[in-house]
Amino acid sequence: MKRCCEGVGLPRLFKGVGMAAPRRPRFLLVFDFDETIINENSDDSIVRAAPGQALPDHIRQTFREGFYNEYMQRVLAYMGDQGVKVGAFKAVYENIPLAPGVPDLFHFLSKNQELFEIILISDANMFGIECALKAAGFYTLFRKIFSNPSSFDKRGYLTLGPYHSHKCLECPANMCKRKILTEYLAERAQEEVEFERVFYVGDGANDFCPSAALTSADVAFPRQGYPMHRMTQEMEKKQPGAFQATVVPWESAAEVARYLQELLKKKC
C-alpha cells in the first residue's frame, strides 16, 4: 500500500548530552471528533435541524468522494435558505451523544493533565466542535483544536471553509491530518517541548494517514470495526511491519483510559 506521504515520519525533539534533565513523561494525545469523541458524524447530525429533518435529492446528489467539505458548504447554504439559525444548529451539536466510554477517558485525562498534552484534529467544523465539547464540559482539556473554519455571516447562515490545501493523494481535498500533526510536532519541537510518545485516537480513513506515520514508540487507537481499524489490518496483511505503531482497537473509550492508566503505572 504505497502512499504519497510514505517515508515522511513525525519529527521528535531529543535532548542532548549536558542539557537539562528530562521532565516527567509527557505524551501527546491526538483525538479525532466525529464517531470518536461523539458517537455520530456531526455533519449528518445537523440535518436534524433542517425542515423535515432531511435534505432534498438535488442537494444529496451533489456529493463527490473526497470533496465532502464542498458538499457541506452546499448543505449549509440550503439550510440557511430554509431559515435554520444559530440556535437550531447549537441545539443539535450540544445534544449529540458522546461515544461509549468517552466521559471515563476524559475524567481520567483531567486528573492527569500534567502528563498529557491533548489536541483535536477533525474534518468537521470549529463551531460544532466547540458547542459539543463545551456542553459536555471537556472543552478546556484541549490545548488546540484543528478543524475547518466556520462562522455565521450577516444573513445568519452558517458558513464553512476548507482547513488548508495539501499534496496528499489519499486525503480529502480540504484536510490532510498527517500534515497538520507533522507541523504541530515540528512547532512544539521548536518550543523545546519533548513528547516521549504520541497516542492517536480515531476511527476514519482520514485518521489512518497520520497514524501510519507514527513510530514504534507510539500507539494508534482505532475504533474497532471502523475504516481506520480495517486499514491498519489491511496494511499489516500486505506489508507486515510497515505500520510501526502499536495498534490497540477499542469499542469503549474506557479501554483507552485503562491502557493509559497501565502505562502510567509502569512509568512510576
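Cβ from N, Cα, C; glycine included.
A TrEMBL annotation is a machine prediction, not a hand-curated record.
Taken straight from TrEMBL:
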- Asp32: active site, nucleophile (ACT_SITE)
- Asp34: active site, proton donor (ACT_SITE)
- Asp32, Asp34, Asp203: Mg(2+) binding site (BINDING)
- Asp43, Asp123: substrate binding site (BINDING)
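Counting only same-chain residues six or more apart in sequence, the Cβ atoms lying under 8 angstroms from the Cβ of the residue listed as 'active site, nucleophile' belong to Leu120, Ile121, Ser122, Val201, Gly202, Asp203, Gly204, Asp207. What surrounds the Mg(2+) site, by Cβ distance within 8 Å of the Cβ centroid and not counting Asp32, Asp34, Asp203, is the set Phe33, Glu35, Thr36, Ile37, Ser122, Gly202, Gly204, Asp207, Arg223, Tyr226 from the same chain. Counting only the Cα atoms, the space from Asp123 (substrate binding site) to the residue listed as 'active site, proton donor' is about 8 angstrom. Taking a C-beta cut-off of under 8 Å and a sequence gap of six or more, Asp34 (active site, proton donor) has these contacts in its own chain: Glu40, Asn41, Ser42, Asp43, Ser122, Asp123, Ala124, Asp203, Gly204.
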